[in-house]
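Comments concern the structure below.
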């Protein structure tokens with residue numbers, strides 16, 4: 001006989017006895033058998049396929065490159081916004097047309113007089129961007145400005 005450490009018996013489900021068939025019926029069904037609780041069969045989980053080992057996530061451009069790209073985008077957006085606004089308002093006087101052109105150029109940008117070709121400054125901006133950026137699509141704004149300059153001087 002197994003000894004228990006606790007004084008009280010472990011809790012279990014109450015056991016009911018089946019009612020006894022009456023003696024009058026000779027075709028009574030046999031008493032139901034208690035169902036044995038068989039554990040359900042669970043097949044082992046299939047191992048997950050091993051892919052390439054997870055490496056360190058690739059880092060994007062540095063903080064300074066992101067700031068430069070953002071500043072370039074802001075400058076391009078400002079230039080395009082002024083150009084579109086000038087088209088809608090008709091440009092006004094010649095004084096009003098010169099102000100957006102001066103505002104669109106960065107403060108340290110060299111003037112066109114230092115270059116031999118009319119759109120050389122815009123071309124160099126595009127080339128510098130393409131050489132410094134890993135994604136050339138970030139330089140599409142410089143390319144568009146260069147194309148606008150070529151169309152203006154063609």
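Cβ atoms are placed via backbone N, Cα and C, with glycine included.
What Swiss-Prot records for 1-64 (among others) is region 'Disordered'.
Marked as compositional bias 'Low complexity' by Swiss-Prot: 7-28 (among others).
According to Swiss-Prot, the feature compositional bias 'Low complexity' maps to 48-57 (among others).
As annotated by Swiss-Prot, region 'Disordered' applies to 86-109 (among others).
What Swiss-Prot records for 96-109 (among others) is compositional bias 'Low complexity'.
In the domain 'CHCH' (116-154), the DSSP tally of helix, strand and coil residues is 31 helix, 0 strand, 8 coil. The annotation domain 'CHCH' is assigned in Swiss-Prot to 116-154.
Marked as disulfide bond by Swiss-Prot: 119-149 (among others).
Taken from Swiss-Prot, the feature motif 'Cx9C motif 1' applies to 119-129, supported by sequence analysis.
Positions annotated as disulfide bond by Swiss-Prot: 129-139 (among others). Within 10 Å of the Cβ of residue 129 (disulfide bond) there are 19 other Cβ atoms, across all protein chains.
Within the same chain, residues 72-73, 76-77, 79-80, 83, 118-119, 122-123, 125-126, 129-130, 133 sit at least 6 positions outside the motif 'Cx9C motif 2' (139-149) and bring their C-beta atoms closer than 8 Å to a C-beta of that stretch. Annotation comment: Swiss-Prot describes 139-149 as motif 'Cx9C motif 2', evidence class sequence analysis.
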Subject >> Mean predicted confidence [pLDDT] for the domain 'CHCH' (116-154) >> reply: 89
**OP:** Tell me the Cβ neighbour count for residue 149 (disulfide bond), meaning other Cβ atoms within 10 Å of its Cβ, over all protein chains shown.
**Re:** 18
Original post:
Which residues, sitting 6 or more apart from residue 139 (disulfide bond) on the same chain, put a CB under 8 Å from its CB?
Top reply: 126, 129, 130, 133
